[in-house]
Amino acid sequence: MELCYQLPVLPLDRPVPKHVLSRRGAISFSSSSSLFGAPDPRQLSQRRGAISYDSSDQTALYIRMLGDVRVRSQVGFEPERRGSHPYLGAFSPILISAGSIPARRIRRLFSFQRHLLSSRLLRGAPHLNPLHILDEDYCGQAKCMLEKVGSWNFDIFLFDRLTNGNSLVFLTFNLLNQYGLIELFQLDMVKLRRFLVLVQEDYHNQNPYHNAVHAADVTQAMHCYLREPKLAQSLTSFDILLGLLAAATHDLDHPGVNQPFLIKTNHYLAALYRNTSVLENHHWRSAVGLLRETELFSNLPAEDSIERQLGSLILATDISRQNEYLSRFRTHLDENDLCLGNASHRHFVLQMALKCADICNPCRPWELSKQWSEKVTEEFFHQGDIEKKHKLEISPLCDSEANTIASVQIGFMTYVVEPLFAEWARFSDTRLSQTMLGHLGLNKASWSAMEPEASGSSEEGESEPGRATEEPSSRVLSQGSQES
């Protein structure tokens, strides 16, 4: 029979180590039923279970057991019930494996099995057999959050915990389904799921900022922009498909360092792309590689066109070309000649929307914006430490001794974010645009309060750092996409 023992809160002698609590997870175990008093181990199934922990409570453990087992009763052992093991579809443990099988292959295998179940959950398909496991509670909470996926206050960090680190897959699949794109373009569900899993796995989650959670955050922001009246009334389904895929893949396989670092270390990517939009070209080509590997769009006649337009969107996130795109956008607005009935104009607006989504962290509520700011600065300073160690010139914004989180944020907001979002508000003067500008002003004031000298240096000393922010060094911000 299927069992699940849940002992909600067990106090520990000491808190769970911080590195263990970095995100919700579990440690799985499997033992012979003979250890539980079975008369003959060959007649019984193994007991499978887990000890899981939750980062929101450092003194809580959850114990569960599931699988096909026999239960000892007063008259002996109840008959064994044979059937499928529910954990294969829904239980997602952190596997500690020994042997020759690479851990990455194991993670992909289990995540693929898990996401097959999640696709049924997101479509509302009923379970053939109820799954009495704790993960079901988390999936339920994640589904509730997805009902408000269009809210600007959407907490991507909480959503990532509820999906056990799979926010990008859950979110992107849900949005594609919500827009009706899966059915419209007749996308194969298995291919789509595999593509999304591969995309998520190819982000480097050891990066504090440029990781799959950031990609999910940008995708959610892109969804908010796609729902704005001007875009919602004009964009085609193909435009929306491109916009969501570009957001999900815009930082694919990001190494956690910026373009100047790759150039000065003679990295092979810098040579391959001739020191031009190195990271953006790599993100694009990586996305195309996964599309071809999974054959997601093999049934569409314009597959080459999709790849080119996807590349055009991702390349627009190059922060070194910020002034180029911003000047063109400003000119269109001044002359009032943007015609969204024109395919090229719609594509340009999508480029601007992705650029906004990529650096919109300073426009989020303070509780979210601050977390992104700390993460991106941590990544910058880590690069600076590497440059110091190898006696390389330290990139702008990467010197922890010369910069603070506040100074980096103030310069980034002043010279990069404010000009872009001011023009976006001219184009789409909606409640969302005003909300973003309001958060931007409040967040900038909050950082200024933490940096007393920022107000005095903003007119003088920050002039140059600001320019540096617009140069390739700030690409780290834009490439990671939001926040700096």
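Keep in mind that glycine also has a Cβ here, set from the backbone N, Cα and C atoms.
Fair warning: this is a prediction, and the values are worked out from it, not measured in the lab.
Feature list (source: TrEMBL):
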type	residues	note
ACT_SITE	H210	active site, proton donor
BINDING	H210, N211, A212, V213, H214, D251, D358, Q409	AMP binding site
BINDING	H214, H250, D251, D358	Zn(2+) 1 binding site
BINDING	D251	Zn(2+) 2 binding site
COMPBIAS	448-458	compositional bias 'Low complexity'
COMPBIAS	464-473	compositional bias 'Basic and acidic residues'
COMPBIAS	475-484	compositional bias 'Polar residues'
DOMAIN	134-454	domain 'PDEase'
REGION	448-484	region 'Disordered'
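Burial estimate for the binding-site residues (N211, Q409): highest at Q409, by number of other CB atoms within 10 Å. Only D358, of the binding-site residues V213, D358, Q409, have a C-alpha within 10 angstroms of the C-alpha of H250 (Zn(2+) 1 binding site). Site extent for AMP: among the recorded binding residues H210, N211, A212, V213, H214, D251, D358, Q409, the largest C-alpha separation is 22 Å.
Between D358 (AMP binding site) and H210 (active site, proton donor), the C-alpha separation comes to 11 Å. Note: the Cα of D251 (AMP binding site) and the Cα of H210 (active site, proton donor) are spaced 7 Å from each other. In the shown protein chains, 29 other C-beta atoms lie within 10 A of the C-beta of D358 (AMP binding site). Across the structure, Q409 (AMP binding site) and H210 (active site, proton donor) are spaced 17 Å apart at their Cα atoms.
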